[in-house]
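K.L.:
Encoded as structure tokens, here's the structure I'll be asking about.
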Amino acid sequence: MVSTSSLSTVLLLCLAMTASAQLSPTFYQTTCPNALATIKAAVTAAVNKENRMGASLLRLHFHDCFVQGCDASVLLSGMEQNAIPNVMSLRGFEVIDSIKAQLETMCKQTVSCADILTVAAPDSVVAVRPPTCVTS
């Protein structure tokens, strides 16, 4: 006879195997409806102020997501920001901090820094807008 705890364990494992996390462009639609627009506006302003910021934000996202997973660990003050490999190569922390502060006034403790960085990366590429080619 199967014990209740064994059955519970099997059910839990089945649920864990079928669960999958997907990014959704509508995730913050109800909890913080202006989050994506706020991030895009701030990134666009930062790139317009300094064109290099587009590449800096993309690089920041790369170092966060592709090295250790998208957990915003690269944004930790003191530890990651001042690590020898990062101190002279990563920029854009102040842009992410500014966006986080704006979002905190709108929707307290709703949008994570990891999500801000993930949304800001493609927005920064779009904001750079390469010059158009004119052919005659």
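Just so it is clear, glycine is given a Cβ too, placed from its N, Cα and C backbone atoms.
Straight from TrEMBL, here's the annotation block:
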SIGNAL    1-21  signal peptide
DOMAIN    22-131  domain 'Plant heme peroxidase family profile'
DISULFID  CYS32-CYS107  disulfide bond
SITE      ARG59  site 'Transition state stabilizer'
ACT_SITE  HIS63  active site, proton acceptor
BINDING   ASP64, VAL67, GLY69, ASP71, SER73, GLU80  Ca(2+) binding site
DISULFID  CYS65-CYS70  disulfide bond
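Burial and contacts for the listed features, if you can.
P.N.:
In the predicted model, the domain 'Plant heme peroxidase family profile' (22-131) shows an average pLDDT of 87.
Summarising the environment of CYS107 (disulfide bond), the number of other Cβ atoms within 10 Å of its Cβ, over all protein chains shown, is 15. Following the DSSP three-state reduction, the secondary structure of CYS107 (disulfide bond) is coil.
In three-state terms derived from DSSP, ARG59 (site 'Transition state stabilizer') belongs to a helical segment.
The C-beta environment of ASP71 (Ca(2+) binding site), restricted to residues of the same chain at least 6 apart in sequence and closer than 8 Å, consists of ASP64, ALA114.
DSSP assigns CYS65 (disulfide bond) to a helix in the three-state reduction.
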K.L.:
Just to be sure I understand: of CYS32, ARG59, HIS63, CYS107, which recorded positions have a C-alpha no more than 10 angstroms from the C-alpha of GLY69 (Ca(2+) binding site)?
P.N.:
HIS63
K.L.:
Tell me, which recorded positions from CYS32, SER73, CYS107 are within 10 Å of CYS65 (disulfide bond) if we use the C-alpha atoms?
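P.N.:
SER73, listed in sequence order.
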K.L.:
Could you break down the residues of the domain 'Plant heme peroxidase family profile' (22-131) into DSSP helix, strand and coil, giving a count for each?
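P.N.:
So the domain 'Plant heme peroxidase family profile' (22-131) is made up of 68 helix, 0 strand, 42 coil.
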